[in-house]
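Positions annotated as Mg(2+) 1 binding site by Swiss-Prot: Glu84, Asp103, Leu105. What Swiss-Prot records for Asp103, Asp106, Glu268 is Mg(2+) 2 binding site, and it gives sequence analysis as the kind of evidence. Taken from Swiss-Prot, the feature substrate binding site applies to Asp106, Gly107, Ser108, Ser109, Asn196, Lys262, supported by sequence analysis.
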Amino acid sequence: MQTLAQHLTSQAVNDSLSHLILTLADTSKAISHAVRHGALAGVLGATEQENVQGETQKKLDIITNDMLKDALKADGTVRGLASEEEDHVVEVSQNGQYLVCFDPLDGSSNIDINSLVGTIFSVLPAPAGELTETSFLQSGRAQLAAGYVLYGPSTMLALTTGQGVQLFTLHPETNEFLLTNAAMSISPDTQEFAINMSNQRFWEAPMQTYIADLLLGKIGPREKSFNMRWIAAMVGDVHRVLSRGGIFTYPTDNKDPKKPYKLRLMYEANPMAFLVEQAGGKASTGYETILDITPTHIHQRVAVILGSSNEVDACLSYHGIDYSEEPNIE
């Protein structure tokens, strides 16, 4: 089996980007170690702090954020970083070539129940000149690499550099990420959907109707039965979609009129959309392709509908949109 380093060489990924990806991977090994120790290391539970999103931070949110910050500051290739746990962008190195956006611990509410969590990251080119928030406001099409690390029964890294999606598994004895799936592919059709049904009454009418039709199964207009899955961590739900197909959605809702969207564009939706498109799926807000959005600020939120291409098209048809054409992933 190829190691991650060997794979990056085989794909002719340039040395500086390879170095950055390996730094992210090595840091995820340390995060995996911290997650595994859990209560034994006293890292479970919440703090009294809130992040810029107004969410109470878990202890591991802060620990993993600091681990990634420290590693990226030492890497030498990074110009700046943006994190879910940082109010503002962080300048790293004047000579850095890359910007890194990340969610250090997606699904951290699952930590205390020993369920799936992960790290999501996106790598962008660093523009010339002074580093400001505007430096980061590039569409998802500009991403040079993206991926996630899933901390589950085994630790797995899903990665794209624009050459498909590869899956690596962390060997528990050698501590190396080894290539275990060279070409992840999302089946175009599915009978699985993932959504937080507790918000049903707050959704827009198109999503209400779409889900209602799925629930009708064989007697409804879709004429087949669907199963619902929900992990409550985007990283886990998207991993399932990449592994066996499906549709994942966190749609617009009016539960809190000031926050109609849940997921963050720069370090959740964009990297996941890049992975999904590279694996043959599609990713949309319901009204526009996620990777085509020009961000307005680093913590911008969007609605997310992604997964099996034909099922995403079916969902979008309820929104009055025809996305039957293949996405442009050049």
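In case you wondered, yes, glycine gets a Cβ from its N, Cα and C as well.
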Other C-beta atoms that fall within 10 angstroms of the C-beta of Gly107 (substrate binding site): 21
Other C-beta atoms that fall within 10 angstroms of the C-beta of Ser108 (substrate binding site): 25
Cβ neighbour count within 10 Å of Lys262 (substrate binding site): 21
Listed in sequence order, residues not in Asp103, Asp106, Glu268 with Cβ within 8 Å of the centre of the Mg(2+) 2 site Cβ atoms: Glu84, Phe102, Gly107, Gly118, Thr119, Ile120, Tyr148, Met234, Val235, Leu263, Arg264, Tyr267
DSSP three-state assignment (helix, strand or coil) for Ser108 (substrate binding site): helix
Residues near Asp103 (Mg(2+) 1 binding site) in space but at least six apart in sequence (CB under 8 A): Ser83, Glu84, Thr119, Ile120, Phe121, Arg264, Tyr267, Glu268
Local backbone state of Asp103 (Mg(2+) 1 binding site), from DSSP in three classes: strand
